Amino acid sequence: MNFVQVFLRYEYFSKSHGESDFGNVKLYESYLEGLGDPVCTSESVNSNSHPGSSVGTEKAMAKANVSFWVQKEGNQPDLLCGRSADYMPTKGHFPILVCSTVVLGGLLRAFLKNSEVIVLMILSLVGFLIGQLAYNFVEMHQVIYPLLRTPSFSLYCYFSPLIIFMAALDVDFYILKNVFWQVVLTGLISFSTAFIVIGYVVLKFNKDSWDLQSCLLFSMTLGMTDPVHSVNSLKTIGISKMYTDIIRGESVIICGFTSIVFGVFRSNILSISNFRELHIIMGLSLDILGSTICGYWCARIIQFILTDLFSNTLTSIVLCISMVYLTFYIVEFLGMSGMVALVAVGLNLDSLSFKPRIELIITKFLIMFSCVYQHLIYTFFGIVIGCGEIKYFQFHTLVFMLILFATVNFVRLLTIVLVSPILRHSNYEYNWRWGIVIAWSGIKGVFSLLLAPDIHNLAEQKVESPQLFILYIQVISLMTMGINSYMMTYSARILGLCAISLPRQMAMQNAIKHIQEIIQNRITLFKTEKILTNVNWTLVEEKTKIEYIIPFPHVSCDKKVKEESPTDEVLIEEARLHVAIIQMSSFEKQCNDGVLSVEAARTLIGATKSYCHIQGKFMNIYDVSTYVRARSWLIKFKNILTFLEYHEDKTPIFLCGNNKFLIFLYHIVFSEEFEYAGHIIRIMYIYPMIMHLWPMARELNVSALILVNYYFVFLYLLESALKITILKSRYFHQHWNTLEFFIVLIGIVDIFCIYFVRLRPDHLVLIQFTVIIGYFRIIRFIPLIKVLIPLLMNIVDVQIKKRLSLMYSITKGYVKSQEDAKFLIKQISSRESITQKLYEILEANKRDAVKELGLIEHEGRDVVIALKTKQAIRNVIAKALKSLTFLWSRGIIDKHEGIEMNKVLLAKIKSLNNFPMAIPPPTPDKYLHNIIWLENKDVLIEFFKERAKLAYFDYGDVICKEGEMPQGIYLIISGMAILQSSPPTFGIDRSLSADRESTTRFTEYCTSGDIIGELSCLLKCEIEYTAICETILQACFISLEDLYEGFDVFWPSLEYKIWLKLALSIAYQYFESSLVDEDLKFQKCVALNHAYVETLSSYNEMTIDNVNMKFVILVYGSVIDTKTEVPYLAPCILPKTCEQVQGTSDLSKLLVIQAPAPAKNNNNAKVMGKG
């Protein structure tokens, strides 16, 4: 320590602590001698006086604020402000500063809603003021000193993982996959353009004497687009997620690539002078590939953790955030890019990767942490800027900021011009309007700011004012956040990109109308309750009336409001998008309910999103299915393995006759021990073969290799000779024997060639031929494949069963989504033509899917039976979980008992992961147990088992024809049949249903477990459909005579139960949306009389008790309201206004669903005869 330093410290202490603290001065002086000189400085101590401070304090603090990015010598890490303090280190209050920043940021967000840029600007200014205070006062410098000592890379590792993970998690992987190459090219062009143009501008206009490497690093940092802020403004005005994902995907690619480049510079301490192109390109490629692979597997681990049934919400959140940081640090430790790995993690996780409702909670936590981190980052870097000397902030600094801002936007505009041909040729409706909006999306943010200190750390020549790197980037980021965000939203509104089209407005108005009807129906229902008689219903209706104003009315930039009456094509396109959204919601709900596997749901959702952008395309089951291609190569591969499989021939023992020697040889040669001995010999020959192929080893062991070859050829010859002796001409019927004989011949030729080479060592052609024959020894290992073939066949069988199970699950989920979409057709569009067309499309797609289900079931009955059994178990346990939740919520079960019982049920669901993939189908007589109206009663089953017959049909056979009288019922055991018919009449006279006449032929598919001919046998009337076999079909046939004999023996319950079963199926087929909350299981309806069937003949009347009858559904025939004389034709739900009905057809059947409250009088329905 020199004299000036001692004097400065002595003067500072005398002014701070008084002249009397001389002992403390001495103590402090001795401490400074122990510290030694500062780590490193970039400039001499500034002796200029500071206004408002004493000379001693000024000189003491001058050295403390000379440089903020001083690199340590040796292998010390680069520090954000890497130098020791010139005062006694004391207990700091940095945590108070951090907490105060978080609180201040939260208060500013609360008062300045929707003004994030203003909040960050205020925090930056506050940070700058704190830095200036630290520059002038040692007490404040003590507070911020931990920040200044923090390595810049540490800040990058603290803050960036969660933010980049949140940005990547919000990107829809399926949308990004469709435009992946367009986004990659856009990102690379954007990076290259920014690298060149901004680098040139910095070199040309900057007066701070930055070297070439600093300028290029600065251009890369400033060229990064923030993936969070670049789309936030667009998300608030309803812009399509497709465009926000394109912008965010490009931003993520630029951030990942830039982080890799900075990582390479950090690890290799590269400079422009010793830049090796090939080495760097190879390193970048390996970094990208390795980071992506690590990210993919980490995503699988996170998904496994988050989908665990036994994990609670808190555990899931903690593990998710911990795994994000752990992934980042492990990948960085391995020398790759943690940011690219987290991008891969975020893209590979979707809503199905989480348990239900967990994704929303985790997303909220990520948003909260991201917001807090941004507040801290802008405050911290404001402090660092404030710690620098103000003399470097000149007028040119302001001018250069404006130049940089203009350059950044020019680069973005140039990028959009260059990539417009790429985006225009994609499948999306990209035009010049979107180009203008995307041109304003070059918003800079925290990632540029976090990499800013490394510009100085990695520079070849250190500058005197490194804080200017941060100043420029922080100011540009704030300017782009404010100006560019506003211009993006303004341009989108002016250009009509956020306007709602007229078809969309009509759909919204239709939905609002539907909601208003629901509210009105609820009010009408409440008016009947006695407890609400004193309510002011006029006020209720007034306050609950919905008056929704469309936020962005339709405005066309080319033609002013020409869509006053949109065509059917426009409306059907809008309806198609609605159907796709409904289908995706259905897939996700089925997955959450356990009906669909995660893989099947993800496949369906991905396929739906892939086909969404194709105009006029309704996705059918053949679009989503990759089953045919996957099945074809698996089946072909299995056929090849079956052909190659070694079949041991047992018949030759009869050829041996009474020859005991041949019988003895037969038992030896065809024993497993002999077979495995041959395999062991072949394995032992691997080492000599390696020596033969290795020139140096071959030259040293020529004689030994020749003897070993003789030995092994002799063993192969002996094996073939023994088999030929026993099998004789049958030896060559087995292809493996033919191969072994060929191996022996090649071995003999090899031996003779070696012998002739010894005789003629100067014969070049003979030597070359011998060398070639020597390489043919490799075929001696081919018979080892025989051991692997059974294992490969088992693997292929498992994969085929998995593919069948997955395809069946996919198809079944698709059928359910079509049904869900059909229920909401009227809410999608109010125009009748559109509704009818949608119904026809969805019905046709459903029929194709049902047909595919039947074909899959025919091909893999054991797989489908296992899948259905597993699903039935899952449904039963799910029902038990709902009952447990209900009992828990009502206080019948306390918390501890509920938790334990919940664990037991969840354990049973988890055990289904090990459920067998295939279950053998039951015998035909067991299928009688599946007839629901037999109720699994032994007496009924035995009665029909004695009378039932098995019927077999080939492909194309006709089971029954439309118009014929029924012969009996057919219970399908295996196979599939197609039912084709005119529209069902439901027992209604043609004159009454003239308006319902249709020429459309109805098609339905029946598979295993379905029954053909029930209704016709009950009514003894003509069959209304033709049943044709689509595959080979096996059915259990019960004749009409046997069925009616059963009716007589088990009168009247059996016939009634068949009618009840048919009534429930008709009600669910046509009114499932209305009965979604009803538990109409057949067994429950029979046991508890929850639903029952009433019969009306012509002119009979039935009184309807609307208090005790929740629904009355006409499932067959026709009735008329006796009060209003309004006719009702089956199938339909009778309105609540209907009090009494009268039958108008020969036979009418009504399904009555009772209200939950028990009825006071069991005779609610009175049937009276007239005339």
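Backbone N, Cα and C atoms are what each Cβ position is placed from, and that goes for glycine too.
Residue counts of the domain 'Cyclic nucleotide-binding' (952-1018) by helix, strand and coil are 8 helix, 24 strand, 35 coil (DSSP-based). What TrEMBL lists as domain 'Cyclic nucleotide-binding' is 952-1018.
Look at TrEMBL and you will find 93-112 (among others) tagged as transmembrane segment.
Remote same-chain residues near the transmembrane segment (150-168) are listed as 69, 77-80, 82, 227-228, 248, 251-252, 255, 266, 321, 324-325, 327-329, 332, 338-339, 342-347, 363, 366-367, 369-370, 373-374, 376-377, 380, 446-447, 450-451, 453-454, 457 (criterion: CB distance under 8 Å, separation of at least six residues from the stretch ends). Look at TrEMBL and you will find 150-168 (among others) tagged as transmembrane segment.
The transmembrane segment annotation in TrEMBL covers 180-203 (among others). Taking Cβ pairs closer than 8 Å, the transmembrane segment (180-203) reaches residues 210, 212, 215-216, 218-220, 222-223, 225, 246, 249-251, 253-254, 257-258, 403-404, 407-408, 410-412, 414-415, 418-419, 422-423, 426 in its own chain, all 6 or more past its ends.
The transmembrane segment annotation in TrEMBL covers 251-272 (among others).
Here TrEMBL flags 278-297 (among others) as transmembrane segment.
Look at TrEMBL and you will find 334-353 (among others) tagged as transmembrane segment.
Annotated transmembrane segment per TrEMBL: 398-420 (among others), in sequence order. A Cβ distance under 8 Å defines the sequence-distant neighbours of the transmembrane segment (398-420), meaning residues of its chain 6+ beyond its ends; these are 182, 185-186, 189-190, 193-194, 197-198, 201-202, 205-207, 222-223, 430, 432, 435, 438-442, 444, 472, 475-476, 479-480, 483-484.
Using a Cβ-Cβ cut-off under 8 Å and counting only residues 6 or more beyond its ends in the same chain, the transmembrane segment (432-452) has close neighbours at 152, 155-156, 159-160, 163-164, 221-222, 224-231, 234, 243, 246-247, 255, 258-259, 262, 373-374, 377-378, 381, 408-409, 411-413, 415-417, 420, 423, 469-470, 473-474, 476-477, 480-481, 484-485, 487-488, 491-492, 495-497, 557. Feature annotation from TrEMBL assigns transmembrane segment to 432-452 (among others).
As annotated by TrEMBL, transmembrane segment applies to 468-487 (among others). Listed by sequence, the residues of this chain that lie at least six past the ends of the transmembrane segment (468-487) yet keep a Cβ under 8 A from its Cβ atoms are 116-118, 120-121, 124, 208, 214, 218, 221-222, 226, 229, 232-233, 378, 381-382, 384-385, 388, 392-393, 397, 400-401, 404-405, 408-409, 440-446, 448-449, 452-453, 455-456.
The transmembrane segment annotation in TrEMBL covers 700-718 (among others).
According to TrEMBL, the transmembrane segment annotation covers 739-757 (among others).
The transmembrane segment annotation in TrEMBL covers 769-793 (among others).
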Query raised in the report: Under a criterion of three or more Cβ pairs within a distance under 8 Å and sequence separation of at least 6, are the transmembrane segment (700-718) and the transmembrane segment (739-757) in contact?
Result: yes
**Report entry** Per-region confidence, the domain 'Cyclic nucleotide-binding' (952-1018) (mean pLDDT, whole number)
**Finding:** 80
